[in-house]
Amino acid sequence: MEIPRQTEMVELVPNGKHLEGLLPVGVPTTDTQRTEDTQHCGEGKGFLQKSPSKEPHFTDFEGKTSFGMSVFNLSNAIMGSGILGLAYAMANTGIILFLFLLTAVALLSSYSIHLLLKSSGIVGIRAYEQLGYRAFGTPGKLAAALAITLQNIGAMSSYLYIIKSELPLVIQTFLNLEKPASVWYMDGNYLVILVSVTIILPLALMRQLGYLGYSSGFSLSCMVFFLIAVIYKKFQVPCPLAHNLANATGNFSHMVVAEEKAQLQGEPDTAAEAFCTPSYFTLNSQTAYTIPIMAFAFVCHPEVLPIYTELKDPSKRKMQHISNLSIAVMYVMYFLAALFGYLTFYDGVESELLHTYSKVDPFDVLILCVRVAVLIAVTLTVPIVLFPVRRAIQQMLFQNQEFSWLRHVLIATGLLTCINLLVIFAPNILGIFGIIGATSAPCLIFIFPAIFYFRIMPTDKEPARSTPKILALCFAAVGFLLMTMSLSFIIIDWVSGTSQHGGNH
């Protein structure tokens with residue numbers, strides 16, 4: 001029997017259900033509900049596999065990526081530059097409020113993945129944009145594709161911004177230079193272009209996400225090393241740093257001498273004690289960035305369905321376990337990195353945690369290794385994040401065309417070119433966290449999964465007033481409220497000029 005070619009969207013069975021691994025698909029379906037023909041969209045064609053040892057079944061086309069590799073892929077899709085901004089978020093919320101918000105965002109992210117998987121199971125669609133088309137037609141598809149594109153361009157921009165800002169510091173440390181030299185290899189703009197062309201682009205040209213699982217595991221190892229270093233440095237970095245206390249007291253001269261005298265005479269340093277006391281609940285103008293930073297840090301939803309498609313022996317339960325495990329691992333890493341980063345610098349922490357360590361010792365070997373690890377991690381993450389953006393472009397512009405390597409290469413090259421231009425002219429990384437986290441992230445996490453589920457789930461199974469659908473609508477309303485509030489506060493912060501964007505370079 002000839003097996004139909006499949007891409008991100010698999011067969012719709014006649015009764016509208018996603019029968020996991022039970023239904024032969026050789027017979028054409030009779031479902032008249034709205035869907036799009038994606039058999040010519042070559043973006044995903046290379047990773048859907050056939051089982052050679054038995055009759056073709058529904059899941060035989062789904063791929064060969066293992067459970068562990070899928071966890072690596074999804075964890076790496078979650079993990080990114082957002083981890084560097086969480087200590088700054090904690091400094092502007094306090095430990096207790098931060099923990100509450102982080103837990104809420106993690107749980108809501110898991111619930112939204114549940115809605116996505118349930119929706120895809122009903123109609124047999126494995127692409128985020130196609131769920132939008134199935135629910136609302138072309139406007140839904142375009143809205144989903146636009147949100148995915150904006151989110152992932154923002155994510156890749158933040159990754160490349162880290163390369164732009166941190167790689168010159170690494171080279172400066174290796175060359176043992178007190179001040180950056182005015183040469184091309186110390187210019188972050190040249191370096192980010194060089195890394196994009198020599199490392200990121202070749203990885204981005206792969207047609208299978210599964211192969212990137214090995215780089216995913218390596219980059220996750222780099223971030224674990226980053227976390228260990230942050231925890232270790234908490235007990236090595238003195239508090240307060242001389243310049244932090246000087247800023248707090250206005251005494252920019254003789255600060256170290258004054259501290260030493262106070263210690264010798266047994267006098268309490270009230271300024272130091274105040275600076276080095278953690279806050280448990282804080283509200284200020286920068287608190288508006290907290291939820292966008294967290295939302296930005298947990299977005300992985302466009303990658304869930306492609307990873308589900310490539311999963312070996314896929315089922316909704318198995319993919320939900322993968323999602324829950326990935327979110328749980330990232331939740332622990334995020335909280336520990338934020339906590340120990342905050343307890344190291346307190347209110348002196350910058351929006352990019354790693355840059356704050358340059359105030360301690362620019363030539364510290366451990367921090368140098370951490371910088372290298374983070375650079376490797378974000379560099380290897382870019383190709384995974386680029387995949388759904390390219391797929392969205394394929395879905396919008398080249399729906400019914402055969403796969404073309406030329407188009408495949410041109411899309412990746414064009415995307416990286418545009419992102420490099422954004423990074424070269426971007427003033428800071430906090431703006432990327434804030435805007436993307438307050439616009440596309442709430443759409444992808446809260447609003448779209450809920451309204452897609454509400455429209456796709458048949459009313460004969462779940463009436464419009466059923467508890468699951470009411471919860472889904474409430475979920476969408478919460479997302480819209482968070483998006484509106486966060487974006488409003490951020491704009492007010494920009495207009496008032498009170499934003500203190502740490503970590504600029």
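Glycine is no exception: its Cβ is also placed from the backbone N, Cα and C atoms.
As the structure is a computational prediction, the values presented were derived from the model and not from experiment.
Over in Swiss-Prot, the protein carries these features:
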type	residues	note
REGION	27-48	region 'Disordered'
COMPBIAS	33-43	compositional bias 'Basic and acidic residues'
CARBOHYD	N73	N-linked glycosylation site
SITE	N76	site 'Modulates L-glutamine-induced conductances and Na(+) binding'
TRANSMEM	82-102	transmembrane segment
TRANSMEM	105-125	transmembrane segment
TRANSMEM	143-163	transmembrane segment
TRANSMEM	186-206	transmembrane segment
TRANSMEM	212-232	transmembrane segment
DISULFID	C239-C276	disulfide bond
CARBOHYD	N247	N-linked glycosylation site
CARBOHYD	N251	N-linked glycosylation site
TRANSMEM	288-308	transmembrane segment
CARBOHYD	N324	N-linked glycosylation site
TRANSMEM	325-345	transmembrane segment
TRANSMEM	367-387	transmembrane segment
TRANSMEM	409-429	transmembrane segment
TRANSMEM	432-452	transmembrane segment
TRANSMEM	472-492	transmembrane segment
Criterion met for the transmembrane segment (288-308) and the transmembrane segment (105-125) (at least three Cβ pairs under 8 Å): yes
CB contacts for C276 (disulfide bond) [other CB atoms within 10 A, all chains]: 18
Intrachain neighbours beyond the transmembrane segment (472-492), with Cβ under 8 angstroms and 6 or more residues off its ends: 108, 111-112, 115, 285, 287-289, 291-292, 295, 434-435, 437-439, 442-443, 445-447, 449-451, 453-454
Glycosylation sites listed as N73, N324, least Cβ neighbours within 10 Å: N324
Shortest C-alpha distance to C276 (disulfide bond) - which of the recorded positions N73, N76, N324: N76
Stretch in 367-387, 409-429, 432-452 most in contact with the transmembrane segment (105-125), if contact is a CB pair under 8 A: 432-452
When counting Cβ pairs under 8 Å to the transmembrane segment (186-206), the leader among 82-102, 143-163, 367-387, 409-429, 432-452: 409-429
For the transmembrane segment (367-387), sequence-distant contacts whose Cβ falls under 8 Å of one of its Cβ atoms, 6 or more beyond its ends: 73, 76-77, 79-81, 84, 152, 155-156, 159-160, 162-163, 166-167, 169-170, 173-174, 195, 199-200, 203-204, 206, 209, 212, 215-216, 218-220, 222-223, 225-226, 229-230, 233, 303, 306, 354, 357-358, 360-361, 412, 415-416
